[in-house]
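The following features are taken from Swiss-Prot:
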type: BINDING; residues: Gly93, Asp114, Ser121, Asn122, Leu123, His124, Arg125, Lys138, Asp182, His183; note: ATP binding site
type: BINDING; residues: Cys224, Cys227, Cys302, Cys305; note: Zn(2+) binding site
type: ACT_SITE; residues: Cys241; note: active site, glycyl thioester intermediate
type: DOMAIN; residues: 355-453; note: domain 'Rhodanese'
type: ACT_SITE; residues: Cys413; note: active site, cysteine persulfide intermediate
Amino acid sequence: MTDLSKEELLQRIQQLENENEQLKAVALQSLHTLRYNQSCSHSLQQSNSVNEEPLSLEEFKRYGRQMIVPKFGSLNAQKKLRSSKILVVGAGGLGSPALQYLCAAGIGEIGIIDDDTVDVSNLHRQIIHKSSLVGILKCESAKQSMKDLNPFVKVETYPERLTVFNAFEIIDKYDLVLDCTDHPAVRYLINDVCVLLGKTIVSGSGLRAEGQLTILNYDQVGPCYRCFYPQAPEPSSITSCSDGGVIGPAIGLVGVAMAMETIKLLTGTYTRENFTPFLASYSAYPLQQMKTFKMRPKQSSCKVCGDRPEITKEMVENGSIDYVSFCGHIDEKNPPLQKKYRITVQEYSSLLNSQSREHTLIDVRPKEQFEITNLPGSINLDWPLVFSKCDNDKIDLLLPQDITKADQLYVICRFGNDSQLATAKLIEAGYLNAKDIIGGLNKWSEDIDAAFPKY
């Protein structure tokens, strides 16, 4: 064998290294090809298992723009949507945009449960409804809009309230539930029934210009509503859209986000391995921002999904759990005032017409509402922001200087609730001639002055 020089040896080593790199590249390409073929075969098997029936040409054209998005999941994901059944509880500010986008996306069957009717005051935010359909059931109004939007989607309506008597029967038909309600008692009912049936919940809420959403009981490994809130909020802390107001696009954005999370759940974006409990929070003012917070996991002590659950299907169905009592409620039939401290709008109207007695009318609505409309001569003392937080011995500082504790005071608000609390506070402070006007400005508009704006 001829001895090689050092230079020749180096050349030979370089040649062998190049050949080795080429062999590695060929092997790697073969591995990629094998994995790709296996993936295609697996996807085809999944596709066939999801839905054997192919999409029509119109469906390809209708859903094509979403199917080509890489993270969506292509044709198989669309077939998953088409084979899915979802229930939307509430066709209001959250449910309206969620229903529209989920219908447009091609969900196979959508159930809507809502016993309320469309009102003019709904239309600025509940955009699935039309002016021409004011007065009809919201679920039927939504169904009409959805059938016009996408005839491929089956829509089932339930013009009733969700109760312990019908919840299991209705929810059991569906793969997933969207909680678009605004009442704590219904939220707890939806949560308990879904946990006991093994259903995932997409839950949203919104008020004024803020909202939030989360996923509950994900695949029976994620936390439920009771994990987050084992105790119900105080009834006095709950503000409705009619009392607190709501900006349409703000709550609509939350509803759209709920639709997006629903699509991700149905198409398999989330798995038991990658799912992390979260709360997404949106605020429109002063600058729009969406923040996502990591939430605590499923709680072993939870009464419905924990290690030793106390709540059972039988308990819910037979009424052993009183959701209204658990959440508490304000008893409007038993006002906090004696009858002698209250007058009707008719009595106050007669007093104005007679002009027989001087008095001061105190309007305790928030400043923004007072500026919308008010009765002539009334003064504004914001109950939620100012009046309710004032010590009794300092109330005289809020009132005009010429008012004495012997003067006649009448207190009014929008619906007659805050005015009762404000009147009681005035009486406690020594203003014994203070009286509440029953039913507030809403009642004034209905019974005395039809031209007075209701909002």
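Here, residue 1 is simply the first one shown, and the rest follow in order.
Placed from the backbone N, Cα and C atoms, the Cβ positions cover glycine too.
Annotated features taken from Swiss-Prot, shown on the structure.
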residue	record	contacts (Cβ under 8 Å, 6+ apart)
Gly93	ATP binding site	Asn122, Arg125, Gln126, Cys180, Gly206, Cys241, Val246, Gly248, Ile251, Gly252, Gly255
Ser121	ATP binding site	Ser242, Tyr455
Leu123	ATP binding site	His129, Lys130, Ser131, Val134
Cys224	Zn(2+) binding site	Asn191, Cys194, Val195, Ile201, Leu216, Asn217, Lys298, Cys302, Val304, Cys305
Cys413	active site, cysteine persulfide intermediate	Asp363, Val364, Arg365, Trp383, Ser419, Ala422, Gly440, Leu441
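Cys241 (active site, glycyl thioester intermediate) falls within a helical segment according to DSSP. A sphere of 10 angstroms centred on the C-beta of the residue listed as 'active site, glycyl thioester intermediate' encloses 17 other C-beta atoms.
The two recorded residues, Cys227 (Zn(2+) binding site) and Asp182 (ATP binding site), have Cα atoms 19 Å apart. Taking the Cβ of Asp182 (ATP binding site) as centre and 10 Å as the limit, one finds 20 other Cβ atoms among all the protein chains shown. Restricting the average to the domain 'Rhodanese' (355-453) gives a pLDDT of 93. Note on the domain 'Rhodanese' (355-453): DSSP counts are 34 helix, 14 strand, 51 coil.
Whole-number maximum of the Cα to Cα distances across the ATP-binding residues Gly93, Asp114, Ser121, Asn122, Leu123, His124, Arg125, Lys138, Asp182, His183: 21 angstrom.
DSSP assigns Asp182 (ATP binding site) to coil, not to a helix or a strand. Local packing around the Cβ, expressed as the count of other Cβ atoms within 10 angstroms, is greatest for Cys227 among the binding-site residues Cys227, Cys302. Cβ atoms within 8 Å of the centroid of the Cβ atoms of Cys224, Cys227, Cys302, Cys305 (the Zn(2+) site) belong to the same-chain residues Asn191, Val195, Asn217, Pro223, Tyr225, Arg226, Lys298, Gln299, Lys303, Val304, Gly306, site residues excluded. Look at the binding-site residues Arg125, Cys305 and count other Cβ atoms within 10 Å of each Cβ; Arg125 has the fewest.
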